[in-house]
């Protein structure tokens, strides 16, 4: 039954996707590349946090207890392989950014993005991130380092709210997957830049390399801030703000490279009118109306599942994890560079595959690949890594290979699509509120993973990876049963897939389903 429903939705998307005229123009491509710097900011932070946390000078200056455990000799003073980095203060350094990002997304970024536009939100995010990079690079104590991370989080809250919406609204329907996945690809490039910088910074004999790693976050932040000044606003946001139809039509013609934009403009205007007739705020509508139940479920569960794959645990702490199995500081950072390169290549492939094979196919195949790799990682560590001593060379290389397989599976599936799917499924009237829920859900679980991963690794040891594998099995089943295909559908017509789906049509009810089908 589920398969039939999905096929119907997918087929409708291809037909509807040909309604709109135009294609990819240099103007929209340049705009989206600039906006995707918001992803580079996120990636740079993920790569920096784990790398800096494994550097001896940084640990010696801010986390001396962890440093002493790392350098202790044999005997009772030496911590278990799984517990060397177990420090709630160290994990607070990592998670403070995401706590600030969560509060920003919930309390401020959604309102700014909906009422002032996507572009101002990106500019505010870039400016806050610049301030955070300056404070982090110049930190004199652990409190200042955490404050810098919190300022970075404010920037991230704005950027994660606005950039995915900007990309999904600017992209032509047929290529929305490619453009929206550019956010994840730029995230990978940011992480790659961070790991390369970390590798070089760790070799600075004077011991201030960690300041360079943290301070260079200003580079992608500056590109986003300056770029946002010159970017056009999205047509959807202009209509939402009540701008003149002629102004919006002219922008659409420039973006799409054709005069035949009336059908798309009519859909955008109709969605805006629906929001005004509703009379309720976007968040209230999203939470109280049955027709938005499917989108609300996806906004909460997809980003939450993404964090429960364990990817950010590996992203944050890959150098730390590799040092735990016996690698040196330099070798662990170099290995992390290799892993990020592999993940970036997989994400690049996803940019082209999402619009050809569909979202569901990639999520299901990627989930299966990650599940197999995660189980094997846990089995290898359980069998070969005890509380003391490192892995043998052959087993360490096997572990690196399995982490690479896992990262590749995530890179071409859940990594980019966890941004793409939520950004494209919401009608205009609740789109900013829906993105806020998506970002908040992702931040909540990012905070939990960042804050508790090292403690869980210490207590659960290799079983932690079986814990993540169980969640991968759950989320893959969720996609198979409950996520319809949205490939090729114009963003203002995606409401229809819920009314055709075997399960969600029962949730939203007959009246709401009929209303969706008329759009």
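Backbone N, Cα and C define each Cβ position, glycine as well.
TrEMBL does not curate its annotations; it predicts them automatically.
Per TrEMBL, the features are as follows:
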type	residues	note
TRANSMEM	24-44	transmembrane segment
DOMAIN	31-487	domain 'Major facilitator superfamily (MFS) profile'
TRANSMEM	89-109	transmembrane segment
TRANSMEM	121-140	transmembrane segment
TRANSMEM	146-167	transmembrane segment
TRANSMEM	179-202	transmembrane segment
TRANSMEM	208-231	transmembrane segment
TRANSMEM	296-318	transmembrane segment
TRANSMEM	330-354	transmembrane segment
TRANSMEM	394-415	transmembrane segment
TRANSMEM	436-457	transmembrane segment
TRANSMEM	463-483	transmembrane segment
Which bits of the chain, at least 6 residues beyond where the transmembrane segment (330-354) starts or stops, bring a Cβ under 8 A of a Cβ in it?
-> 47, 50-51, 54, 177-178, 181-182, 184-185, 187-189, 191-192, 195-196, 198-199, 202-203, 318-320, 322-323, 362, 400, 403-404, 407-413, 415-417, 420, 487
Residues outside the transmembrane segment (89-109) whose C-beta sits under 8 Å from one of its C-beta atoms, at least 6 past its ends, are 45, 49-50, 53, 62-63, 66, 121, 125, 142, 145-146, 149-154, 156-158, 160-162, 316, 436, 439-440, 443-444, 446-447, 450-455
Look over the recorded stretches 24-44, 121-140, 208-231, 436-457 and say which has the most C-beta pairs under 8 A to the transmembrane segment (463-483).
-> 436-457
State the non-local partners of the transmembrane segment (436-457) in its own chain: residues 6+ outside its ends, Cβ under 8 Å from one of its Cβ atoms.
-> 82-83, 85-88, 90-92, 94-95, 98-99, 101-102, 105-106, 109-110, 113, 157, 160-161, 164, 283, 286, 296, 299-304, 306-308, 310, 312-313, 316-317, 320-321, 324, 418, 422-423, 464, 467
Same-chain residue ranges lying at least 6 outside the transmembrane segment (121-140) that approach it to Cβ under 8 Å = 35, 37-38, 41, 62, 109, 112-113, 147-159, 161-163, 166, 211-212, 214-218, 221-229, 231
